[in-house]
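**Q** Below are the features listed in TrEMBL for this protein:
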- A:Glu106: active site (ACT_SITE)
- A:Asp11, A:Asp105: Mg(2+) binding site (BINDING)
- A:445-455: compositional bias 'Acidic residues' (COMPBIAS)
- A:7-191: domain 'UmuC' (DOMAIN)
- A:419-455: region 'Disordered' (REGION)
- A:Phe16: site 'Substrate discrimination' (SITE)
Amino acid sequence: MRSQASVLHLDLDAFFAAVEQRDKPSLRGKPVVVGGVGGRGVVATASYEARVHGVRSAMSTREARSRCPHAAFLSGRFHAYREASRVVMGLLREVSPLVEPLSLDEAFVDLERADLPDLEVPTVTDFAQDLRRRVHEATDGLTASVGLATSKLVAKIASDLDKPDGLVVVAPGTELELLRPMRATIIPGVGPATAQRLRRAGIVTVADLEAAGLDELVRLLGRAHGGGLHQMARGRDDRAVVAEREAKSVSVEGTYDTDLSDLRLIEGLLARQAGEVAARLRAAGLSGRTVSIKVRFHDFTTLSRSMTLASPTDHGPTVARSARALLAELVAGPDTGPQVRAGVRLLGVGVSGLADWVQEDLFADTEADDEAEDEELPEPPRARHLGAWAPGMDVEHAELGRGWVWGAGRGVVTVRFETRETPAGPVRSFPDDDPALTPWSPTEPAEDDAVSGPA
DNA sequence: TCTGGGGTCCTAGGACCC
DNA sequence: TCTGGGGTCCTAGGACCC
């Protein structure tokens, strides 16, 4: 924790709705709701005029319509939101090189890196007011609420205290008297489930949290969360403002207005999502090894299945093939098969375990050179390492799973497989626990990034 | 016709490795 | 040879955030 209030948190007010009101004068002063407008949509942002009628984020659009029928319901123009966000983040980076965006409408700014004569309360207060004015100007009328404090925790809480269009500076040394009377749910990370567990233990306010022992919190919430809250409740938060955060996963999902039960249609939708995910990976210069699907049934129970490939991919057909294979496993499952056929409301595809293409290539070159030098073939790896014969691999690759054997060198594996036709397409199984395996000549060219390594 | 979409982080168990 | 302990990877699910 710092000795001066040099962490700034800025939050644009009712952001999506405010952009709509800015761009469409007829909406100004009127209730505006941005979110899903379909039968199963939820509210992303409600303007303050709509909030008066009880409309809230994450509420179903159906509920919002009944509470505020005269509101304008809009599905959102994300290009406009991204553009407004870009302007604001650019402005923040002008005042400090250390800006950490949390979403399109929110960021931390480290004032220790800003050009200020000092970091005393009057100075940072004037600075923040000037910043809010500049945001208003640069965005053609959007308002921002700002919190200033000695830590991220308190700055974020502070920015919310005088919304909209507010500024709250928490003077160093006064953090605990601010936090103690507040509900524990004020602390980011304490959601409904955590709040309920705490309540059952008689913990409602931050003061209660502070009085609870570390052991008790860890017992209630686990090591990481319990330990974190024990610190936060004392106003202790040393998290740094971090400018660059690397993406860890890329995913696409969709909820359908009516439940899907046609397996061909489900497969087709998954394949399309796989293509979108791959395109976004390529656009970001990323690739990943783990492909996941997500399926939500009519009763809202949600399953996920994932598989890790032998090497990273950003290839649409490879992601699609993996997704189809994971779906086929669900369809073949004695419990999950009937669930799928009974109706699916959400489908999703994601890729995680991301690697940077450029780094991957450099790494591969180095490794190839090393290999040429010492002329030593890798030890035949053990079968359990083989990502190369994962279910869903196409026939050529299953027969000759050439490629990287993760963590153990390269080899050629010959695998017997059996194919069974199902309504969702062919499902393969691999009767041999221990596929035959021989070392692979490193000079042999790779054909497909599905199974070939980064060589 | 309750309950979005895109993420992050954590937990826990099993397999495996040293 | 037997036993045990860590560490890592993988998978599934859950909580949470905006």
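From the backbone N, Cα and C atoms, a Cβ is placed for every residue, glycine too.
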**Q** May I ask for the distance between A:Glu106 (active site) and A:Asp11 (Mg(2+) binding site), taken between their Cα atoms and rounded to an integer number of Å?
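**A** Between the alpha carbons of A:Glu106 (active site) and A:Asp11 (Mg(2+) binding site) there are 5 Å.
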**Q** Quick one: Cα separation, A:Phe16 (site 'Substrate discrimination') versus A:Asp105 (Mg(2+) binding site), in Å?
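**A** If we compare the Cα positions of A:Phe16 (site 'Substrate discrimination') and A:Asp105 (Mg(2+) binding site), the gap is 9 Å.
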**Q** Can you tell me how many other Cβ atoms are located within 10 Å of the Cβ belonging to A:Phe16 (site 'Substrate discrimination')?
**A** 27
**Q** Can you check how the pLDDT averages out over the domain 'UmuC' (A:7-191)?
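**A** Mean model confidence (pLDDT) across the domain 'UmuC' (A:7-191) is 97.
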**Q** For A:Asp105 (Mg(2+) binding site), list the number of other Cβ atoms lying within 10 Å of its Cβ atom.
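**A** Cβ-Cβ neighbours of A:Asp105 (Mg(2+) binding site) within 10 Å number 22.
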**Q** Please list residues from the chain of A:Asp11 (Mg(2+) binding site) whose Cβ is under 8 angstroms from its Cβ, counting only those at least six apart in sequence.
**A** A:Asp105, A:Glu106, A:Ala144, A:Ser145, A:Val146, A:Gly147, A:Ser159, A:Asp160, A:Lys163
**Q** I want to verify one value. Collapsing DSSP to three states, which class is A:Glu106 (active site)?
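**A** Assignment for A:Glu106 (active site) reads strand.
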**Q** Using all protein chains in view, find how many other C-beta atoms are within 10 Å of the C-beta of the residue listed as 'active site'.
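**A** Around the Cβ of the residue listed as 'active site', 19 other Cβ atoms lie within 10 Å.
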